[in-house]
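Quick notes on the structure that follows.
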Amino acid sequence: MSPLKIHGPIRIRSMQTGITKWKEGSFEIVEKENKVSLVVHYNTGGIPRIFQLSHNIKNVVLRPSGAKQSRLMLTLQDNSFLSIDKVPSKDAEEMRLFLDAVHQNRLHAAMKPSQGSGSFGAILGSRTSQKETNRQLSYSDNQASSKRGSLETKDDIPFRKVLGNPGRGSIKTATGSGITVTRTIPSLTSASTPLRSGLLENRTEKRKRMLSSGSELNEDYPKENDSSSNNKAMTDPSRKYLTSSREKQLSLKQSEENRTSGLLPLQSSSFYGSRTGSKDYSSGSTNLDRTNVSGQTPSAKRSLGFLPQPAPLSVKKLRCNQDYTGWNKPRVPLSSHQQQQLQGFSNLGNTCYMNAILQSLFSLQSFANDLLKQGIPWKKIPLNALIRRFAHLLVKKDICNSETKKDLLKKVKNAISATAERFSGYMQNDAHEFLSQCLDQLKEDMEKLNKTWKTEPVPGEENSPDISATRVYTCPVITNLEFEVQHSIICKACGEIIPKREQFNDLSIDLPRRKKPLPPRSIQDSLDLFFRAEELEYSCEKCGGKCALVRHKFNRLPRILILHLKRYSFNVTLSLNNKIGQQVIIPRYLTLSSHCTENTKPPFTLGWSAHMAISRPLKASQMVNSCITSPSTPSKNFTFKSKSSLALCLDSDSEDELKRSVALSQRLCEMSGCEQQQDDLEKDSKPCRIEPDKSELENSGFDGMSEEELLAAVLEMSKREASPTLSHEDDDKPTSSPDTGFAEDDIQEMPENQDPVETEKPKTVTEPDPASFTEITKDCDENKENKTPEGSQGEVDWLQQYDMEREREEQELQQALAQSLQEQEAWEQKEDDDLKRATELSLQEFNNSFLDSLGSDEDSGNEDVLDMEYTEAEAEELKRNAETGNLPHSYRLISVVSHIGSTSSSGHYISDVYDIKKQAWFTYNDLEVSKIQEASVQSDRDRSGYIFFYMHKEIFDELLETEKNSQALSMEVGKTTRQAL
């Protein structure tokens, strides 16, 4: 059979995937092993979709669509809907005739019209008996498989192939099905040839009939396609009258259509008629249908008798041969999935700076992997923490709808605004400032997580005495973006070298001064300008010299190097920043070889990050060393496990530590006394008994202990006594989430004379019922606040006073809320006014300084910077490396954030990113996404490029190779699957 193929826009609707968008492609008919399938190809590529047609067509409709064009609509038995538009009418008509033939089991009569009726009858006679058996088995098994929820369009191909095996029981049904075939062959044989000619002669009339009856058929299908009711009608004799009534209604409708059209109509019951053979739609078809339904019950029962055993095997076979992209799982089609991935972020109101930075950060594959794939306990992180909002948006950005994504963007903005108020409104902001704030805040959140994450023993190492099971999570900012530069100050007089190290997340580099005779300079030149040696006034402690030379070298390289190009200069006259539109060449590769030494550390490998994702135990000696060498607030990083480790971690301020610890223990004892006081109130005993705690302190033997042992004992006692109270205080705070693991809020609210070590300890004690401590804590606090004398009032008066105070607090809270709402409205109004004024000012600046900004294109104004001087060989080598990246420590361009506009106070930010998975460049302009060539990025952003992301060449090649291997494996699996189909 020569395959039929038509081209045009395609749309598919199914229960699993929903309705796809119109996509250019083609429908192709393929016949294999007596099974007819429809293969859908898309012009954009991807794995084709295959739909079974044999015994699976429900309706075929052809409608005109323009001049000499038609739209073909195909409905399958599971209500899947396929449409192809703008098809030439002749091709569409041929396809419709073929689908009608497949629908009515006249495939070979339609495809071989040259054969006579006798020849066709012989072919049908040899094939129908097997098909009738397959139809009975397929119909019965479809009812069973529908209960397992596996009704998919493409499932019928291997399904019928297994059940159609003669060795699986077709011999048993040969007798029952043979009777039906003998009765139905004459009508089909006699009608085959004239039916073919009739279809060719009356195309227009049949199209009109199909259009008029299409809606009526669609209304009846849901009621008719009820597998449960039909199964009961066949297996339960007491329910036969339901089937007879349904068949009678269908037959009456068919007879009426025969009288009106005079042609063979589309039979809505052909799916169910398959179990009784092909029906004779003549004038006496009504009685014949009823006798067939009632007389076929025994054979149907026999076929159902052996179905339960092979049915599970057939389902298993089905899953193996199914398209690999989703076994029995609802999935998004390739076309719509690709469209979702190419969706940007909505502009919330002058938030283009945020959208551009987020798109660039999300495109860093190693950064995203370190954030999402190391098992960070997100429930231990506060809901309003930036790292949690950031990761949530990263996970959902390609799979959620636009409204959900917009809400996630607002949460990210609010998380940053909570720390940096300048981003709280809707004013225009600088993209580099937002990037710096975002990276710093992410690092702080990771530090808090590692600091407060409670220790857990590593499986199999509980008995190791020298191991403290502390989980350390990798900070994505540190492993991917942070690098270290060593500044060496060299005295010119005596040669004394003083090294100083500094960590950076990005480099802010100056524009090189461009003189007219020279060609445009590149980012490589600006980077080399940053690292060039410079002189400065410096007083040498050794010789007293006043002049020194400073050299800058990389001490540790990053995976991704972020370069911020300073495109703004301050205008003293206008007191404004002017944008410099100077042209700067954007090379594909940068090299840092001239700024590295033999001791320069390479970037963290991808394997290193993966290993850090596992729970890695640290030895106690390593923990002590980290405590001692920590440059900032070492006391907050302590994790005490034993007296020995405590003694090692003590510093010179141990006496102050001891005083603070004793004060903390006394306060905790008082809190415990308040709890005891509440218990005594319930027993009508008023005194608050804290004497036992004091006696315990006195009898603890502190006098004979050293300071170290005394501190350890006090801390241990405080931990034992205060764990329930501190646990309740954490739960009672309204700003903390139930799934929060951070204790930073508690640390900030503690008095200065308290040691924050204890609050940062993990909660190892089982927490009591919060309800049992609510009244205790409130009563205790209320007693302290109002200074209620013990025993001076009765319990009833005290509770009444407490209720009155609580009502007063509620009223004050309502007033505070109302006032805050008014202040918020006033603030929003002020922001709107500021936005209007800023817009007017930007327009004025644009009109007044347009010529000035054009003039700034000629020269950056950096008089003292001038230009880098290279030898001819060095210049040629750098030029070659810009395209090949052959020099050591080369970095590859992967993203550019550009500012479109002539002034710094107005304009728009966009982002160009390289997608490693798609191996292509895309431009993200808020919600709009478009594909772009790398050469266009380099040429179009040479005057507007603001922030540049470069990835280390070895890291880039490794990620690219991994992605290519993954895609090759997927294509191989898809090819094997298509061959099996």
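In case you wondered, yes, glycine gets a Cβ from its N, Cα and C as well.
The feature active site, nucleophile is assigned by Swiss-Prot to Cys352. The active site, proton acceptor annotation in Swiss-Prot covers His908 and rests on sequence analysis. Positions annotated as compositional bias 'Low complexity' by Swiss-Prot: 813-824. Among the features that Swiss-Prot reports, domain 'USP' is placed at 343-953. Residues annotated as domain 'UIM 1' in Swiss-Prot: 706-725. Swiss-Prot lists 808-827 with the feature domain 'UIM 2'. According to Swiss-Prot, the feature domain 'UIM 3' maps to 830-849. The phosphoserine feature in Swiss-Prot is assigned to Ser114, Ser170, Ser212, Ser630, Ser652, Ser654, Ser772; the stated evidence is similarity to another entry. Positions annotated as region 'Disordered' by Swiss-Prot: 111-308, 673-704, 719-831.
Look at Cys352 (active site, nucleophile): DSSP puts it in a helix.
Listed active-site residues: Cys352, His908; maximum Cβ neighbour count within 10 Å falls on Cys352. Each residue of the domain 'UIM 2' (808-827) gets a DSSP state, and the totals for helix, strand and coil are 20 helix, 0 strand, 0 coil. When the Cα atoms are compared, His908 (active site, proton acceptor) and Cys352 (active site, nucleophile) turn out to be 6 Å apart.
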